[in-house]
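Feature annotation from TrEMBL assigns AMP binding site to Gly168, Ser194, Arg195, Ala196, Ile197, Thr198, Gly199, Thr203, Ser264, Lys288. According to TrEMBL, the feature active site, proton donor maps to Asp256. Under the heading domain 'Pyrimidine nucleoside phosphorylase C-terminal', TrEMBL lists 424-491.
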Amino acid sequence: MQLKVQPIDIKVGKYKVVLNSIDAKELGVIEGDRVRVRNHESLTAIVDFTEDMIPPGMIGVYHELQQKLNKQWTETVEVTPASRPKSARLIRKIMDRQILTKDEIYEIVRGIVDESLSDIELSAFITSTYINDLTDDETEWLTRAMIDTGEKIEFDSHPIMDKHSIGGVPGNKISLLIVPIVAANGLLIPKTSSRAITGAGGTADLMEVLAPVDFSASEIKEMTEKVGGVLVWGGGTNIAPADDKLIKIEYPLKVDPHSQLLASIMAKKGAVGADHVVMDIPMGAGTKIPDIKTGRKLSRDLINLGERLGMTVECALTYGSSPVGRTVGPALEVREAFRVLESMEGPNSLIEKSTVIAGMMLEMGGIAGKGNGQELAMETLKNGKALEKMKQIIEVQGGDPGVTSADIIIGEHSIQLFAPTNGYILEFDNKRIVEIARIAGAPADKGAGVVIHKKRGEPVKKNEPVLTIYSEKKWKLDNAIKSAQLNLPIVVEGMLIERVPTYREL
Ligand SMILES: O=P(O)(O)OC[C@H]1O[C@H](OP(=O)(O)O)[C@H](O)[C@@H]1O
Ligand SMILES: O=c1cc[nH]c(=O)[nH]1
């Protein structure tokens with residue numbers, strides 16, 4: 001069928017077209033099917049439907065496909081039904097618990113990278129791997145395919161250090177301290193991070209408060225060689241490009257399937273040529289890892305996958321039942337981390353966790369003797385070398401190296417929530433804290449988030465503030481307050497939890 005092209009200047013992240021339902025019926029396609037669009041070249045696109053936006057005889061072409069067709073633009077195109085790509089059919093095999101071959105896994109990853117899989121198919125891929133774990137071989141191939149379908153960095157000098165957190169604990173801003181500590185001690189650390197997956201601010205969202213995070217592989221190499229380290233967004237590079245496309249699907253689903261998590265993390269490490277990696281595995285109620293047994297199993301899986309890929313991996317099982325530090329949300333977290341860099345002023349949970357992990361890295365990199373890493377990491381914070389290095393990192397990434405914690409802008413609208421009674425913080429719901437920060441606008445609105453005045457186990461007096469919610473927009477703050485009041489993330493109780501009388505009135 002010949003259709004007249006109607007450009008639609010909207011980016012949808014895929015090759016997509018819109019057909020009038022009359023033409024779609026004529027072609028025998030429904031929403032989510034594919035069509036071949038042919039002018040001088042031939043491309044497959046996913047079909048959207050409309051009753052009125054596009055009249056019969058025309059085809060709406062979204063931005064990405066326009067860019068492709070633009071090379072040899074024509075007024076009309078030939079449109080024919082196309083079959084689903086092989087990668088889409090392979091996802092069904094995972095649902096049926098069949099084991100995929102290496103070639104099949106590569107086919108799926110190519111389908112993710114070249115945008116030929118629809119969001120529905122991608123979410124089926126995520127969901128089926130959430131339900132049915134991939135085998136060790138499949139996970140290795142998934143990781144390798146994610147590395148091989150993107151750019152890789154080869155450094156001339158080694159060792160290359162790296163760290164990664166599996167996420168799942170709110171306020172985990174430790175990379176902002178670890179990277180400068182490690183780089184200040186002469187090791188190279190080209191740290192790529194994801195944006196938030198299940199949280200209210202991933203490290204890439206946080207670093208973006210201070211400097212751009214979007215760089216090519218060659219820029220990352222150059223910047224790391226210049227100042228020793230970077231804190232960049234993995235999705236902004238062409239490093240493991242499938243990763244961010246999968247994370248975009250995981251984010252609304254709020255899931256991070258085991259095999260995807262392994263591949264997502266290790267692909268980013270493999271692509272930058274990491275030699276030694278420390279993994280942070282937050283554990284406990286409300287995290288991705290409910291208990292130590294599951295944490296040890298994940299550690300073994302990460303260590304084994306590292307061995308298969310030629311990296312030494314050590315894992316740190318860390319306390320995750322309470323947020324790290326007292327802030328959740330990009331700008332608030334950056335300000336808290338910066339205060340530690342500036343003056344060691346800050347929560348012990350943040351300083352201790354950051355220096356323990358940085359210490360492990362200094363030992364693995366041969367800079368500190370066994371058992372002395374944390375002391376050296378602490379010293380690097382105290383003597384201001386980590387702050388100096390952080391400023392170099394900010395500058396090399398194009399931010400303002402003169403920035404101080406006082407310059408970081410927090411959302412202008414805020415409200416405090418108060419303790420209803422004297423007592424102790426008996427329960428503290430990490431997931432609710434994240435949810436409230438997200439409703440307030442985090443991570444997209446950098447100034448949105450939550451300050452935690454009282455953590456689990458701490459004593460509190462009636463009417464003392466327990467949380468402050470910040471937002472850049474009044475209406476988002478109102479929604480966050482409503483959500484917090486409907487289901488408070490904190491339970492305050494006195495020492496007496498409930499008095500049960502001799503006789504209860506029924
Ligand atoms: O949103 P949730 O699932 O909590 O965690 C995702 C965060 O965890 C990792 O942190 P890092 O890069 O090691 O600092 C990721 O890169 C991302 O920033
Ligand atoms: O980078 C990350 C971190 C946690 N989970 C992932 O899937 N990727």
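Glycine is treated like the rest: Cβ placed from N, Cα and C.
Cα separation, Arg195 (AMP binding site) to Asp256 (active site, proton donor), rounded: 13 Å. One residue stands out among the binding-site residues Gly168, Gly199 for having the most other Cβ atoms within 10 Å of its Cβ: Gly199. Proximity to ligand 2 (Cβ under 6 Å from any of its atoms) holds for none of the binding-site residues Gly168, Arg195, Gly199. Under DSSP, the residues of the domain 'Pyrimidine nucleoside phosphorylase C-terminal' (424-491) split into helix, strand and coil as follows: 23 helix, 20 strand, 25 coil.
Note on the domain 'Pyrimidine nucleoside phosphorylase C-terminal' (424-491): mean pLDDT across this stretch is 95.
Within the same chain, residues at least 6 positions away in sequence whose Cβ sits under 8 Å from that of Ile197 (AMP binding site) are Gly167, Ile247, Glu250, Tyr251, Asp256.
A Cβ distance below 6 Å to any atom of ligand 1 is met, among the binding-site residues Ile197, Gly199, Ser264, by Ile197, Gly199. DSSP gives Ser264 (AMP binding site) a helix state.
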